[in-house]
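**Student:** Residues or ranges marked as CoA binding site by Swiss-Prot: Arg47, 86-91, 108-111, 181-185. Marked as Mg(2+) binding site by Swiss-Prot: Asp129, Glu181. Taken from Swiss-Prot, the feature phosphoserine applies to Ser258.
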Amino acid sequence: MVFPAKRFCLVPSMEGVRWAFSCGTWLPSRAEWLLAVRSIQPEEKERIGQFVFARDAKAAMAGRLMIRKLVAEKLNIPWNHIRLQRTAKGKPVLAKDSSNPYPNFNFNISHQGDYAVLAAEPELQVGIDIMKTSFPGRGSIPEFFHIMKRKFTNKEWETIRGFKDEWTQLDMFYRNWALKESFIKAIGVGLGFELQRLEFDLSPLNLDIGQVYKETRLFLDGEEEKEWAFEESKIDEHHFVAVALRKPDGSRHQDVPSQDDSKPTQRQFTILNFNDLISSAVPMTPEDPSFWDCFCFTEEIPIRNGTKS
């Protein structure tokens, strides 16, 4: 008896992935937008179509395309076979019945300001957040800080207010905020977590654009959490990105820096363009010209602070 040969899909060893896409500068053509929407699941098309503002729709679209690109290229799952779901907290995840060679495979996305960003790891728990430094929409910076007083510890406020100029204070505010959000997204608890339970000891205070640093330490309820590592970077002059990393079993891992590890690492963000996003894409639905017509009538305004995919 002759048995048919089995087909094996070889998956190369996967390393951590860090991608960013400038949705703020992306002005999609009709062809690009219609191709993009044909390349995502119908329920996500419906969700994106409900956004009132173009910039929100573009950021959400970029996030979905980055996730599908990640799964297609790193897990070797054909684009049109990828099934994404959402947890009860709304976090995008790969469907449990998907063929995945990495049981602990984890990814997370964030979009705010001018960028959508993605972090993925084959073995580590991961959370990511991006924040753009910008002046408050209403009131002065001191008034804004007063409103947000309960979000940070006294020590964190000392660090934030330790700089003379208000713009640098805002920089430090959003850097701290990105760190806290990255942790909360990594553990998947969503709203309701008391942010003052978290305290970050920032190091170094100044970050160079394009470098990645891992010296910042986390204290939870006053105790240092040594099993967590935090990658910090600046994509450009105004955007901070924080990536929280932890082994699923909570043990210390190699990405946690030693006490004398003061040099930046080289796991930098790769800036993708639209052609990169759809390089592996397979259209899954018929073309829908009305989706472009609706998009053209939306206004282009900044994403609201805190908007996440």
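Along the chain as shown, the residues are counted starting at 1.
Positions of Cβ are set from backbone N, Cα and C atoms, glycine also.
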**Student:** Which entry in the list of binding-site residues, Asp129, Glu181, has its Cβ near the fewest other Cβ atoms, using 10 Å as the limit?
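**Tutor:** Lowest Cβ count within 10 Å among the binding-site residues (Asp129, Glu181) is Glu181.
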**Student:** Identify, among the binding-site residues Arg47, His111, the residue whose Cβ has the fewest other Cβ atoms within 10 Å in this structure.
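**Tutor:** Each of the binding-site residues Arg47, His111 was scored; lowest Cβ tally within 10 Å is Arg47.
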**Student:** Using C-alpha atoms, which one of the binding-site residues Arg47, Lys91, His111, Ser182, Ile184 comes nearest to Asp129 (Mg(2+) binding site)?
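**Tutor:** Sorting the binding-site residues by distance from Asp129 (Mg(2+) binding site), the top entry is Ser182.
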**Student:** Tell me which of the binding-site residues Ile109, Ile184 sits in the most Cβ-dense spot, judged by other Cβ atoms within 10 Å.
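**Tutor:** Sorting the candidates by Cβ neighbours within 10 Å, the top entry is Ile109.
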**Student:** How many Å lie between the Cα of Arg47 (CoA binding site) and the Cα of Glu181 (Mg(2+) binding site)?
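**Tutor:** Checking the Cα atoms of Arg47 (CoA binding site) and Glu181 (Mg(2+) binding site) gives a distance of 23 Å.
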**Student:** Looking only at Lys89, Lys91, the binding-site residues on record, which one has the least crowded Cβ, with the fewest other Cβ atoms within 10 Å?
**Tutor:** Lys89
**Student:** Are there any residues at least 6 positions away along the chain from Thr87 (CoA binding site) with a Cβ closer than 8 Å to its Cβ? List them or say none.
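**Tutor:** Expected: Val93, Gly188.
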**Student:** Using DSSP and three states only, what is Ile109 (CoA binding site)?
**Tutor:** strand
**Student:** Between Glu181 (Mg(2+) binding site) and Lys89 (CoA binding site), how many Å separate their Cα atoms?
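**Tutor:** Glu181 (Mg(2+) binding site) to Lys89 (CoA binding site), Cα-Cα distance: 14 Å.
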**Student:** Please state whether DSSP places Asp129 (Mg(2+) binding site) in a helix, a strand or coil.
**Tutor:** strand
**Student:** Does Ser182 (CoA binding site) have same-chain partners at least 6 apart in sequence with Cβ under 8 Å from its own Cβ, and which are they?
**Tutor:** Gly127, Ile128, Asp129, Phe230, Ala242, Val243, Ala244
**Student:** Under DSSP, is Ile184 (CoA binding site) helix, strand or coil?
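**Tutor:** In the DSSP reduction, Ile184 (CoA binding site) maps to helix.
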